[in-house]
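J.: Below you'll find the structure I mean.
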C-alpha cells in the first residue's frame, strides 16, 4: 500500500531514535554490569531490547507503506561517564523521542492514517513509562545521594 511520504519520513525519524536508543542503552547496561550495578544493568538491557522491538515495528510499517527503512542515518550516542550522567543522557533521548512521537501522531491523525497513529501511540506509552522510571531514579539520587543509590543497585552475585 503506497503510503504518504511525510508519514514515512516521520516513521524513519522515529526509527532513527530507536536505533540510537538500542545502542546507548545496551552500552550503558554493560557499563553498569562492569561496575557491579546489576539492577541498573538489567533495566538498561531490558530497555535496549524493548527499543529493538519498537524499531522492528517501525521497519515493518515503513515497508508496508512501500517506503525504505533508513538504518544508515544514526544519530549521536550520548554515553555518560557516571550513573547520574548516564540516566540523564537516557532521559534526554527519551524526551526527544516522545516529542517526535507526538509530532508524528498529530500528522498521522491529520491524514487519517490511524494505523500509523495507533502504532506511535502504543510506543509512546512505553516511552512515557521509561521517562517516568528515569525521572524517579534521578529523584532518588537527589534525595538519597549517589553513594546510597549506587549501593541499592548492587545484587549479590550467584556463584
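Numbers run from 1 along the shown chain.
Each Cβ is built from the backbone N, Cα and C atoms, and glycine gets one as well.
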J.: For the Fe cation 1 site that Swiss-Prot assigns to 18, 51, 54, which of the candidates 85, 103, 127 is also assigned?
T.: 127
J.: Which of 84, 94 shares the Fe cation 2 site with 51, 127, 130 per Swiss-Prot?
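T.: The one candidate that Swiss-Prot places in that Fe cation 2 site: 94.
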J.: Tell me the Cβ contacts of residue 52 (heme b binding site) under 8 Å, same chain only and six or more apart in sequence, or just say none.
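T.: The answer is 18, 22.
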J.: Around residue 54 (Fe cation 1 binding site), how many other C-beta atoms are within 10 angstroms of its C-beta?
T.: 24
J.: By DSSP, how many residues in the domain 'Ferritin-like diiron' (1-145) are helix, how many strand, and how many coil?
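T.: Helix (H, G, I), strand (E, B), coil: 116 helix, 0 strand, 29 coil.
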J.: Give the mean pLDDT for the domain 'Ferritin-like diiron' (1-145) on the 0 to 100 scale.
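T.: Reported value for the domain 'Ferritin-like diiron' (1-145) is a mean pLDDT of 97.
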